[in-house]
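Presented below is the structure to which this report refers.
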């Protein structure tokens, strides 16, 4: 029947009528051409119209089949009943007696009332219950088929029947309902309650009603009709038939083809089997990058697309030059006839997994050696595959301007797509990344948490200064043009500045004051709260009692001072003689002029820009700040071109949309440093700068109400001590102007204020200038260095090494970081420390994201504060010519300097803390270790240095540590109060009514500061001093704190000739480190406070949530040097806690 119906259905379709058209034509002629009175023609048409809905609707056809089968079964039951009723009357009494006897014992009756005698009637007693059970099976078959096609899985349907069996057992056993009362209302109510509750959990309303109604009806039929069985058995037989029917439905659903009609709501995307497969098998999808530029290039290739379907459409020509690719195909692919394609992303993931395994200290040495060898092989392949980009022509100078096109930004980003994916996958987290979660930490508590991994691609931040045409065609005032900030349609946030030809290199001071044009789409941290922020938000300004402002500073700030997120250059006036604001390309985000096409190129042919680019650079930083949100700068690519502005502005004007500034803010005058520039009454305290526990709060008290100048004064002393003013020809007045404006931009909040910025600046200066035991130096003496840096390509005429005037090398067994880090990178680290918390609102990143602050929206909830600090500080620097203290840096050096500063600021995001620590540990534990000639390694060291300086409070002496702890606690409590006022859940450790200061500090030291100090100290970068055995005789009994020193080429005990005998083979050398000593002492102090609080509260057992803290506490006490492998330049150990020296 089904085959015939399907054939009829196919025959009814227009396109499936078969090859013989003659019969069809005759049929059509009869239906159309027949007379209306012809009964044969009219009957044919009416039959076709009546069967057409049945053919097209699977529901109607299924209902018709179920109905016909039910009618047949009913007729069969009727025939069985008639046969039984026509039996001989003589056997009724015997059958009745036998029925009563069997009914009393329980079991199957041998025959019905009036059973027929003889052998011919022996099958009739079994025919009626078999027919009834078959009917129940068929009914559940159709119901199961309906449920399966609706998306219900077979185990769920069987579970519903199990719920029915449980209800029956509850009715019969627990409630004690007799056989005669199974159809009573209480029994039916209990059973329907069980079934309905189970159905409500797994089925939708329509399917649930169908299931309950049909099951209850069939149970009633079974209780009434199955007279051959005991009453208590009848429901279970019905459920058994139901299970068989569901199994048959599952089997039939797999065999029968799916209907071509519209599928149910859960099946409209495919067949039932495919849907169940998708539900049972989780789908792991790779994040893909779509680009209109890449799509356009791929569409224009015209050849076969050699790529995996799960990877982005990036042609090989983007990964390496055309000539290199043709050469590789000629040398390799021509030999075998096929080209070997390597999946770079998979190799990157494998390299990351191996690096993660290497971080495990419990691995055997042979396993570590094998894994390290595989990691080196993968690193070579990754470098070979991913960083094949055309080199810059050494004869091309950076003074040339390139054409600004629509696709320039997209091409540059697509070329960096693969390395960005590698940078995102290579650094493993300190805690293993499992499934779709990653480890992170909140900046508030320092406790590690788990967050869902982001599903969006990381956005890059690119801020690009731009040179306008020459002064011969434009206004010669290089700082008159306004700063324009816009959001481009590319994947990065571009802040384009319209600056004239001699931007920061030949900046001139303006001659007359005037209005200041400005567009500021970002809220200002001035006295008025920004849009979208509550009135009580710290963005509206928090007056601090501890650090009052002087009237002089308050007067200079004014009601509309430049404490905004974006700053602009002042213009003399708004007269018509001034050229109009440059137009910004809406495609690439770069400004271009609409002036005369005959305007000459910008004047960039000075001596500073004449030197050619090095051709032997292995790794050169990108010309712009182009990095992912992970702030992982290990894979800095060689820059293939300087993306300058267009040389002919009007040639591409028709192809670029325009963006016109909408908002203008007028500022009167910049904030300048007051006289005298250098305060002369601070020498007594400034002489203590070379101590780790610098009395910074005493300095605040000495400055008094002028404490707003603390950052500029300390910055001047440190720069002057390092000789940076002479090395880079920094003008003192511009330097003091900018740093004074920078310190004014810090808000008066308890912790993240200008005093904290000064403390971090002093900490990075101390860590980079103090003697470090056993640290090898790149240069032999002060000032002697090679002609050029092997990695960056900068000559040491401007990139030499500087040392502190207070640095005195005791002997050749000490070194310092300033002897291994070039001066430009060192100055970038100091400037980043001063900028790193500029305009901090006193709230955490999590709070800004939770309240949908404008900064969180602007930076896509990623490193919100860190991006804001860097952008606002650089915007301040570029806003006025009076702030340009880098006037003598050439264009390449300035871009490199800016890149380093931004990377260092973004590294202070504690959410990426574990990634940095794990990456640094992997670098230190590598065979090569830290390569001081590699710019990437030096940048990683600088990032770790500023991270340690940013959280150095627990590593200070007790008095300073308690002062900083009081400040951070006050700031946390203010955020907790605001969260409570906004109806938000109060963050951990921020509830003023339930202070947990000791737990906060103990956990912060255990999870954040301790591992960071341990990693930094294990790399041999922590300042300290050698201690002889005679100086620590009381502490040498502990064997765990003693290690034998390995052979190093710089030790006195090792002879120059490796074959010559040495005076001493081993000598136990120990190091005293004041920083780690303070850290251990403060950690023990907070542990004792926690124990005392627990004793006072009557808690003898430690809380469950502090068990991991205790484990970390024990680990943090072991901050000592590991035994170095052969060939390492340092092998020592750290002293146990001792009294201060």
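Every residue gets a Cβ built from N, Cα and C, even glycine.
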Same Mn(2+) site per Swiss-Prot - residue from 740, 756, 762, 1014 joining 836, 837, 950: 756
So which range, 166-213, 214-261, 262-309, gets flagged region 'Disordered' in Swiss-Prot? 262-309
Would you mind telling me which of 43-65, 66-88, 89-111 Swiss-Prot tags as region 'Disordered'? 89-111
Looking at the ranges 22-42, 127-147, 316-336, which is given as transmembrane segment in Swiss-Prot? 127-147
